[in-house]
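A short worksheet on the structure shown next.
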Amino acid sequence: MWPTDPENGLSPKNTVGIDDVYNPPPLHWTSLLVLAYQSCGVVYGDLSTSPLYVYKGTFNGSLNRFLGEEDVVFGVFSVVFWTITLIPLLKYVFIVLSADDNGEGGTFALYSLLVRHAKFSLMPNQQAADEELSSYYRPGYAATEDAPILRALRGFLERHRKSRTCLLVTVLFGASLVIGDGVLTPAMSVLSSFSGLQVHSSSLTHSEVVLLSCIVLVCLFTLQHWGTRRVAFLFAPVVVLWLLLLAALGVYNIVVWNPRVLRALSPHYVVSFFRHTGKDGWISLGGVLLSMTGTEAMYADLGHFTAASIRVAFVGLIYPCLVLQYMGQAAFLSKSPDCNIHFIFFESIPRPVFWPVLVIATLAAIVGSQAVISATFSIVRQCTALGCFPRVKIVHTSNRIHGQIYSPEINWILMLVCLGVTVGFRDTDLIGNAYGMACAGVMVVTTLLMALVMVFVWQQGILVAAMFLLAFGSVESVYLSAAIMKVPQGGWLPLALSIVVVAVMYIWHYGTRRRHLFDVQNKVSLKWLHALGPSLGIVRVPGIGLIYSELATGVPAIFSHFVTNLPAFHQVLVFVCVKAVPIPHVRCYERHLIGRIGPREFRMYRCVVRHGYKDVPGDDNDFENDLVVRIAEFVHMEAAEQAAAGDAARASDASVEGRMAVVSRPFDLSRTGLLMRAPLPNPEDTAVVRAAAAASGGGKEETMQSLQAMYESESPGFAVRRRIRFEIDGATSESMDPAVKEELSALVEAKHAGVAYIMGHSYIKARKSSSFVKKLAIDVAYTFLRKNCRGPAVALNIPHISLIEVGMIYYV
């Protein structure tokens, strides 16, 4: 019935209750258009505000002396046109959006695809049972024989830890650059939009513009706790109206100022531009790069919509509107060489509509900033789930859309850094240089990861991947080189932020990995456990003990400390491991792996709770009751298999360890042999009754439930768990196997006695002989992060009244 694997715990694929939520049918064209409309406000807010500062950043250097030459102005537009055609349109819309991870996008989505289809992961907690998840492999993927050169590349990356570490650091660097966008986008967009006030208000000083921008930024970050859902109805109309205004202003400027700008659509002007401007033209690419800001967010926000809706929105609205606007600004600039290039967008606006456009531009800048901030929250959650970021508080702001979240700690850190950038730089040119550096860096990282995905996931061959890498990597490398030239003029900021964020991520990942390796190396021997006998050498008291650890196999060393130092332990023991798997979501019916440790009379079980990097562990408030039902189902499944296999197989299978099965909570509870009583009434009334029972000599159950009820009533933020009583079904108990009935009776009796949570903490310290760098990373940096992040008990929503925490120290 089940594949047996003592080390990995292979499980069968449970097909009961499969839904099509993760593989939805094709959308009707009306639904597709509605999604495309909604995506304009969430996905394209940042990209649509680029016309505010592209030409200003391009001509703000030595290229400024070419303003009077029409061919140079047309050349700049031609470079902008072909840039947004090659990178956002061709690369991202038509190629990169196809590399979704079950509907999710971003650099971590690409990394998770690589980890699943090749052994590139550094974390040693992956099981063979994880590969049985229905969404683990890409649809249509089949393992094939690799070509010699591809086999050599795969073997090199899988065998050498340094190569896998380099891959992880590359992914972390790309994610940190996107987080840096969450700092730079609000500062750049809001400051650029308010700078338009100085065009027709000469009395307004730049310091006042900076102060006004800071006030708006504080309001923007303060409103984040409301969530995207409550203000999303404004996003799409604002961005759509803004884009239509851009297109209308572009057409107006083309017709009024210089219709000959249409000729600049020819790539001939690109060649002529670089031939005429030389090095100055190459350095100006740092400003042209700003036309692609927000493109990576288009891919990172893929999980909120579908690839088809994002493509329809970009091709049908975003792309033509932006092209018309850039063309119109070029037409105006070609006939107005004496205009103030710092306010080129606002000077190209006809005076009668200036103030309405300024208001809409400010709203569009706020919307664009909101989208990038939300994407930052999502990336931090992905990093946290995969063990690459300290645990932070995650708040769901929508009951319907799972991806809309808010993190208070990250929000306030972003606000402080964003205000520091705005006040410190005070100049959109310097912020633009930093912005371009971040944009170029994350695009190069995406191109490198996409090439690997084409080879190992899409199985397109190394030639196709090399062509993709050469075509887009060469273009992006040119832009990156131009951005590097502006490192002294503000381009250092994203690099500095990325170094700090990558250091935090890698130190946390390194400490977590080392701690897990030591847990694996020090786990309890099963022979030692069997030698203790069913009583484990101690008194077994009524109740269920849930022992939390990060081990998916074996018994953690923390258990031997309990057995050695405590005189009693619970009647039923369940070793619970909450682990992340490299997929976005784990379906509910595949989330729990249930197994047994030792013989039946030991009453020891294992439960592995798997969640994806988009799931939030600890959101199940009925975990205790669900666990009892799943264990009961596992007992029945095991007994049925042994009965079918015969007595010989039953005797040989009794000592097999690591046997685990996917057990979902059954819809028909009667097949488990258990009955559930209705939950008790009002917790406050229950608390009074239980307290009175305890005072009159009631048992431990009444006392514990009384304390828990009072604790819950005094803790408004605590999620109340349902109190349910289980009973053996009398109608089915007569035909039940006596051993199964005895085991279920012990399980029900233990549940009624109460549940205790035992949380094991493994702390690591550097040895005295370790290097100074290792001591600094482990004893200072990692220890500081661990002490100041959320504890695992809080993250897993474990009730404090029933929690026992014990720590162990490992020297690495």
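Note that Cβ sites are derived from N, Cα and C of the backbone, with glycine treated the same way.
TrEMBL does not curate its annotations; it predicts them automatically.
TrEMBL lists 35-529 with the feature domain 'K+ potassium transporter integral membrane'.
Among the features that TrEMBL reports, transmembrane segment is placed at 72-94 (among others).
Positions annotated as transmembrane segment by TrEMBL: 166-189 (among others). Long-range contacts of the transmembrane segment (166-189) within its own chain (CB-CB distance under 8 A, at least 6 residues past either end) are made by residues 46, 49, 52-53, 106-108, 110-111, 114, 120, 122, 157, 213, 217, 220-221, 293-294, 296-297, 300, 365-366, 368-369, 372-373, 375-376, 379-380, 382-383, 388, 414, 417-418, 421-422, 425, 428, 431-432, 434-435, 438-439, 441-442, 445-446, 448-449, 493-494, 497-498, 501-502, 505-506, 509.
Annotation source TrEMBL lists transmembrane segment at 209-226 (among others).
Positions annotated as transmembrane segment by TrEMBL: 233-255 (among others).
What TrEMBL lists as transmembrane segment is 281-300 (among others).
The transmembrane segment annotation in TrEMBL covers 312-333 (among others).
If you look up TrEMBL, you'll see 353-373 (among others) marked as transmembrane segment.
If you look up TrEMBL, you'll see 434-457 (among others) marked as transmembrane segment.
Residues or ranges marked as transmembrane segment in TrEMBL: 464-485 (among others).
For 491-508 (among others), the entry in TrEMBL reads transmembrane segment. Same-chain residues lying 6+ beyond the ends of the transmembrane segment (491-508) with a Cβ under 8 Å from its Cβ atoms: 168-169, 172-173, 175-177, 179-180, 183-184, 286, 383, 387-390, 417, 421, 425, 433-438, 441, 483-485, 777, 781-782, 785.
Annotation source TrEMBL lists domain 'K+ potassium transporter C-terminal' at 542-810.
Per-stretch counts of Cβ pairs under 8 Å to the transmembrane segment (353-373) identify 233-255 as the leading one among 72-94, 209-226, 233-255, 312-333. Panel annotation: around the transmembrane segment (72-94), residues 47, 54-55, 58-59, 63, 66, 261, 263-267, 269-270, 272-274, 276-277, 281, 284-285, 288-289, 291-292, 295, 298-299, 310-311, 314-315, 319, 322-323, 326-327, 329-330, 333-334, 443, 447, 472, 475-476 of the same chain, lying at least six beyond its termini, place a Cβ under 8 Å from a Cβ of the stretch.
Long-range contacts of the transmembrane segment (434-457) within the same chain, counting only residues at least 6 positions beyond its ends with a Cβ under 8 Å from a Cβ of the stretch, are 57, 87, 91, 95-96, 99, 107, 110-111, 113-114, 117-118, 138, 141, 150, 153-154, 170-171, 173-174, 177-178, 180-181, 184-185, 188, 286-287, 289-290, 292-293, 295-296, 299, 421, 425, 464-466, 468-469, 472-473, 476-477, 479-480, 483-484, 486-487, 490-495, 498. No contact links the transmembrane segment (233-255) to the transmembrane segment (464-485), because fewer than 3 Cβ pairs that are 6 or more residues apart lie under 8 A. When Cβ-Cβ distances below 8 Å are used as the criterion, the transmembrane segment (312-333) is approached by residues 32-33, 36-37, 39-40, 43-44, 47-48, 50-51, 54-55, 67, 73-74, 76-77, 80-81, 84, 88-89, 93, 240, 243-244, 246-247, 249-254, 256-259, 261-262, 264, 291, 298, 339, 344-345, 347-348 of the same chain, each at least six residues removed from its ends. Same-chain residues lying 6+ beyond the ends of the transmembrane segment (209-226) with a Cβ under 8 Å from its Cβ atoms: 186-187, 190-191, 194-195, 197-198, 362, 366, 369-370, 373, 395, 397, 406, 408, 411-412, 414-415, 418-419, 422-423, 426.
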